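Lifted from TrEMBL, the feature list:
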- 15-568: domain 'Aminoacyl-tRNA synthetase class Ia' (DOMAIN)
- 44-54: motif ''HIGH' region' (MOTIF)
- 532-536: motif ''KMSKS' region' (MOTIF)
- K535: ATP binding site (BINDING)
- 611-761: domain 'Methionyl/Valyl/Leucyl/Isoleucyl-tRNA synthetase anticodon-binding' (DOMAIN)
Amino acid sequence: MELPKNYSFKDAEAKWQKAWEDLGVYRFDAKTKQPVYSCDTPPPTVSGKMHMGHAMAYSQADFIMRFHRMKGEHPFYPFGFDDNGLATERFVEKKCGVKGSRMPRPDFVKLCLRETVEAEKQLKQSWQGIGISCDWNLQYRTIDDWSMKTSQRSLLDLHKKGRLERKEAPLVICPQCQTVIAQVEMKDKELESFLNYIEVEAENGEKLQFATTRPEVLPACVGFSVNPEDQRYKHLIGKKVKIPLIDRWVPVKGDEETLPEYGTGAVYYCSYGGTDCIDWLTKHPDVKPVLVMDVSGRYNERAGKYKGMTSKEARQAVLEDLKAIGALKKQQPIKHAVNVHERCETEVEYVATKQWFIRYLDLKEKFLEAGAKLNWHPAHMKVRYDNWVKGLKWDWCVSRQRFFGVPFPIWYCAKCGEAVFADETELPVDPTASQPKAGQRCGKCRGTEFVGEKDVMDTWATSSLTPQIALKWREDEKFFGRMFPMSLRANGHDIITFWLFNTVVKSLLHEGKLPWKDVMINGYVTDPYGEKMSKSKGNVVEPNVVVERFGADALRYWAASCSLGEDLPYQEKDLVTGQKLVTKLWNAAKFCLTHLDKLEGGKPEKLAPLDAWLMGKLNQAVEAATRGFEAYEFHKPKMAADHFFWKEFCDNYLEMVKDRLYNAQAYPAEDVQSARWTLYTALLTILKLFAPLLPHVTEEIYSLYFAGKEKAESIHVSAWPEPFQEFADEKAVQAGDLAVLVVAAVRQFKSSKSLSLGAEVKRLSIDARERRLLEPLARDIQAAARAKELAFEKPAEPLQVADGLAIGVNV
């Protein structure tokens, strides 16, 4: 058997990606008798292309799935696309040059649906292009009818359990995106600003100052706070101060959390300047909020002359007015962190508005207990989950003032405003386009006219149900009961607080159990200097370009180059190394297969010493790779396979066994059979060790030779290698290691004398403490060293190789 001269990764990758899908190699069989290993992977948004972070993270999860498939488990490996919500709206608006707010809602929704279908086709090609082994027949979309039904069913279930409520509460809004956002959708951003010192007057005529970075919320000021131990102000507690420009008298409260050393030691509170204001008003229920901003992010009539302004506009106007009356005493430049919307980086605002909430703050301890029961890989990532849960301040607001999303299955009575919930048999339902089922009456006033809820659900309210969506929750209870919880959740550390936590919440509230057993958390991809990739920095690398240039297997090899959870720099040298490995695998296989035509019979009863050494080394590699994959430490299988293939197999074994293969007639038949069987077994095992990482080249080599001899049609459904216990001979490994040292020393000697490695030497002398171990390998050593004679004797001019081992070379 002879392989083609060169391996074309472009041809092979395209061929096998199509074949795997056409032949159903990765198809899930619900009737399987095998143990099922399931993976809940993050559905990528359709609002952009695949990036290198995607390529790395999904490859790393795929390594694990391919390993478990070869271990005899049956993967349930669905793939979804997250195509509802604000990100999709922005994507469609930009691509089509439209504004959702200026179109009839049904038309905009129809446009979003059309564009997401097209975008998903392209994204699917990208994920297929890196060799992901999911079952595309299990594909879902978070906006399709089934996902919508599941999400609405979840809402109805939470309503029945008393966990859903509609209330007015202080919430975060994004003025740019014109919607409420959740705590998890904010991030900190360092901005330059000013600490403004403003003078107020107490009712006793005393003047005092407070410092603030947000003078624009002054029209909403409702109270003052000082530390009760602060001698400068303690006498003012219980009195009032007058706020300039609005001439409002507000109470001064004593608060031990007020820091005397910050600013002036006096703090003003507004409704709402931030979470500190919300907390202050909660502690002082006698103080009533003054709401000056609406959900559009603009000031209302209660702000007086500042009505209609944004915060940025109002800040400038308020500062000018304060200067005009002499109340602005000082401005101190500072740099501080502000809350911004993670999607558009607009500074957020806090307003009070009526929204739908999932009530869960009372369950924080339960969530912490749940996190402790998950198997975290790596373990330290659990800290991020714990810190998030401990820092939760609000219930989960799940309503959004957008257009393209899962509708609430809710109407309101036109007469009294009471909420009316859809029946489960009506799902999925869009209440803006339909009415409740015939005969429905308001439970409060018996009214018969209804108005549909216009808000849509937070996208995470649906994405948090990916296990339920994939497993057909409450449609096939028997199947769901067998498959839930899933085996694995794979996601980035940046969405532990988004997707992972919310999925835990939903599963605990609906099922009373965790959604998976294990979680594996990946890091980021950076540029070669450790900087985050961004278009503004000009350091973005497109995975499709990388695959076109180096191949998918080379990209996957790079993705296995870090420990799980670590950030991975993109460096072309790693891709080049991966490409060289693919070429070396092909060339090594080509060499091996030319010597396997005459392979006959099965496993020999006894191996030749050199072959026994290789099998011992192979056992070590298999054991290390297996342990690594089982612990989600995929870089360790890569290292084990790399080391064995390059060093033990190619550099040492193939060089030392060549003479037995080329001059078979000069060796005993059993030694030749031993060499051929070892060559066959080692090459097949090498391919299997690399198969989860390099699926295309391993499949190509396997299909051209091994598929006709082994039981499995694809290497990816073949059995993961087990150590050959009958060849676990420590003495054989020790002897082979000594032989390798001798041959390496001869090569080094030749190089030092400017001789070619193929140059013959007259005599090789070996002085070995463990002579009895080396003697059975003498012929292999002599052939590899190209020595006319070999003798176990003390050399005239010894070269020390190792403790108890020296050689002499006579040229």
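Backbone N, Cα and C atoms are what each Cβ position is placed from, and that goes for glycine too.
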For the motif ''KMSKS' region' (532-536), what are the same-chain contacts with Cβ under 8 Å, counting residues 6+ beyond its ends? 51-53, 524-526, 570
Who are the long-range neighbours of the motif ''HIGH' region' (44-54) in its own chain, taking Cβ under 8 Å and residues 6 or more past its ends? 81-83, 85, 87-88, 90-91, 116, 119-120, 122-123, 126-127, 492, 524-525, 533, 540-544, 546, 570
Work out, from DSSP, the number of helix, strand and coil residues along the motif ''HIGH' region' (44-54). 3 helix, 1 strand, 7 coil
Taking every residue in the motif ''KMSKS' region' (532-536), what is their average pLDDT? 76
